[in-house]
């Protein structure tokens with residue numbers, strides 16, 4: 001994952017750097033200030049996804065500032 005990718009402040013989804021809104025929740029609150037990420041393939045079977053309240057597969061930032 002490149003560090004220039006943008007992360008949604010609302011749902012923590014990692015987005016492409018040229019996005020103006022989040023692919024997952026359509027929020028326009030994107031930031032480059034994030035650290036760590038996790039890829040969730042099967043959110044229904046994942047304790048991490050449950051803890052982070054993630055319901056859709058994808059890459060998510062662990063810490064968003």
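Easy rule for this one: first residue shown is 1, then count along the chain.
Using the three backbone atoms N, Cα and C, a Cβ is placed for every residue, glycine included.
Now, the feature entries from TrEMBL:
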BINDING   8, 11, 22, 25  Zn(2+) binding site
DOMAIN    5-65  domain 'Spt4/RpoE2 zinc finger'
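One way to see the shell of the Zn(2+) site is to take the Cβ centroid of 8, 11, 22, 25; the remaining same-chain residues with a Cβ within 8 Å of it are 9, 10, 12, 13, 15, 23, 24, 26, 27, 29. Residue counts for the domain 'Spt4/RpoE2 zinc finger' (5-65) under DSSP, split into helix (H, G, I), strand (E, B) and coil, are 9 helix, 22 strand, 30 coil. Sequence-distant neighbours of residue 25 (Zn(2+) binding site): residues of the same chain at least 6 apart with a C-beta under 8 Å from its C-beta are 8, 10, 11, 13. Of all Cβ atoms in the shown protein chains, 21 besides its own fall within 10 Å of the Cβ of residue 22 (Zn(2+) binding site). Within 10 Å of the C-beta of residue 8 (Zn(2+) binding site) there are 25 other C-beta atoms, taking all protein chains into account.
Confidence over the domain 'Spt4/RpoE2 zinc finger' (5-65), given as mean pLDDT on the 0 to 100 scale, stands at 97.
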